[in-house]
Structure formats: structure tokens, C-alpha cells
Amino acid sequence: MGTIFDLKNISYSYVGEITVLKDISFKVDPGEQISIIGSNGSGKSTLLSLLDGLIYPTVGEFYAFDNKIVEEVFDTIKDNEFRSYFRTKVGFLFQNSDVQLFSPTVFEEVAFGPLQLNITPEEVKTRVLEVLEMMELTKLKDRSPHTLSGGEKKKLCIATVLATNPDVLLLDEPTAGLDPRTQLWLTELLQELGSMGKTIIIATHDLELVEQISKRAIVMGEDHRIVVDGDVEKVLNDLNLLLSTNLIHEHMHMHGKLVHEHLHAHDKEHAHEHKN
């Protein structure tokens, strides 16, 4: 398999007026684990939606699996062979779980994707039961998705993505709203999927998750452009970069003659530094 995604000088504007992506260019190769990080409103979720073929560039060119993604071809022609191929290869996790859930039961929710593939009903059932067991959702298979807790809904949404066994996972704020135990479980799952060769791209401002599952970080600035595209360790050790892109912020306090400085991410506990 060649390059998975290739973005060339892409910009995107809502209703042709509000620009949320500016001059975005990068490539994604098979097996990469990438984090797209930036403050709220920097364009992370919009970029993921574009990678999933849900929206199309206002300016520039987007290629997926060496095919140019053009709305007139990708989204409007019935029985589009490449679109079907794309949907089997790429799985998308929405930030808001309720957007992704629509079936009467948990079992039917997970079965929906595999039923669109050319496999037998028996194979669908086997696959669904395996995924439910892996996600620790078997006891909930007859429940309505909308009666589940937030963490259970997130697990279910991940199950619906994994049920079609995609090569590429696009995950929008996957740890948002999860308790610490479920966050740890999800982190370990993503590490395992990465070791299996899955291509994983997440949009997040959870820097701890970025450090644990990614090797490459694409940093979005508040001007909706890519500021840095590079090694995760170098990015996370660059405090000036993290401060300038509003991924961490600092507070200064005086304790007598001691200046007490707090540096912390927006969703994490304070890290402390002292300066005389």
C-alpha cells in the first residue's frame, strides 16, 4: 500500500466565509500513529472530517489511497466503487458519541457496519460477538445505546469502528469525558492497535495521550495553519511552542522572594517549576 493520505495546500471555509483550515500540506504513510494537536477552534476536528471524506477542500487537493477526492465523484455518484473501498479502509470516531449511535440495540449498532460488507450473516454475528467481548460490552448487547453511560457509549462507538476492521482509524478527542480507568483502557487499546500496524490519527489536546500513543505530532496554530509537523518527543519538550499554540498555559505566584510558576495543559493537573 502506498501513501494513505496526501494533502496539498488545502484550505477550507464554512459557507465560503469562515476559514478554519489554511494552506495545509502533509502526507500519511501506512502504520503511522499521528496526533493532531491544537487549542479549541484551531481546526483539528475539521481536518479529521476532511480526512474522512465528510467535507471537501475549498482550495487545494486531497488524495486518499492515490485517488483524488472530489465531491462530484466521491459523494454524488451511486455505487461508487472507490467510495466503498474507502469506507472499508477508514473508520471514524466522532467526538460526540450520540452522533454516531442510531440503532435499537448495542448488538445491532455493532452489526450495522459489517452488514454492509460482502460477508455472510453468520460471519457478521461471529464478528460482532468477538468485538463486543473485546470491548467488554457483551452483557449490554440487548440494551438501547442511549441508555448507556458516557464511557459505555464511547466503547460502543469504538466497537462500531473496529467491527469493519479498518486499516485507518480517525479518532476525534477519543478520551474526552472518560473516567481515568476508561482512559487507561483506551490508551492501551490504541497502543495494541498501533503495534498491529493500524494507521491511527487522533485529534486531541490531551498531551498525555499524545505522548503515549503517537510518534508524530502535527501542531495546529490558532491561525488554522500547521505550526510544526514533527517528532512527538521534540514537540512535547518545546515549552515555547506549547505556550504559543495555547496547548499549555502558566500562572505565576509570589511566595515571599520565591516566584512559583505553574505550567500545565488545559485538561491536566499543574506541573510546577520554581524560580528564584
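Note: Cβ is positioned from N, Cα and C throughout, glycine not excepted.
Since this is a predicted model, take the numbers as computed values, not measurements.
Copied from Swiss-Prot, the annotated features are:
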BINDING   Gly38, Ser39, Asn40, Gly41, Ser42, Gly43, Lys44, Ser45  ATP binding site
DOMAIN    5-247  domain 'ABC transporter'
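For Ser45 (ATP binding site), the same-chain residues lying six or more positions away in sequence with a CB closer than 8 A to its CB are Gln95, Asp172, Glu173, Ala203. Neighbours of the ATP site: apart from Gly38, Ser39, Asn40, Gly41, Ser42, Gly43, Lys44, Ser45, residues of the same chain with C-beta atoms within 8 angstroms of the site's C-beta centroid are Ala203, His205, Met220, Glu222. Mean pLDDT for the domain 'ABC transporter' (5-247) in the predicted structure: 92.
DSSP assigns Gly38 (ATP binding site) to coil in the three-state reduction, placing it in neither a helix nor a strand.
For the binding-site residues listed here (Gly38, Gly41, Gly43), the lowest count of other CB atoms within 10 A around the CB belongs to Gly41. Local packing around the Cβ, expressed as the count of other Cβ atoms within 10 angstroms, is greatest for Ser42 among the binding-site residues Ser39, Asn40, Ser42.
Cβ-based neighbour count (10 Å, all protein chains) for Lys44 (ATP binding site) stands at 25.
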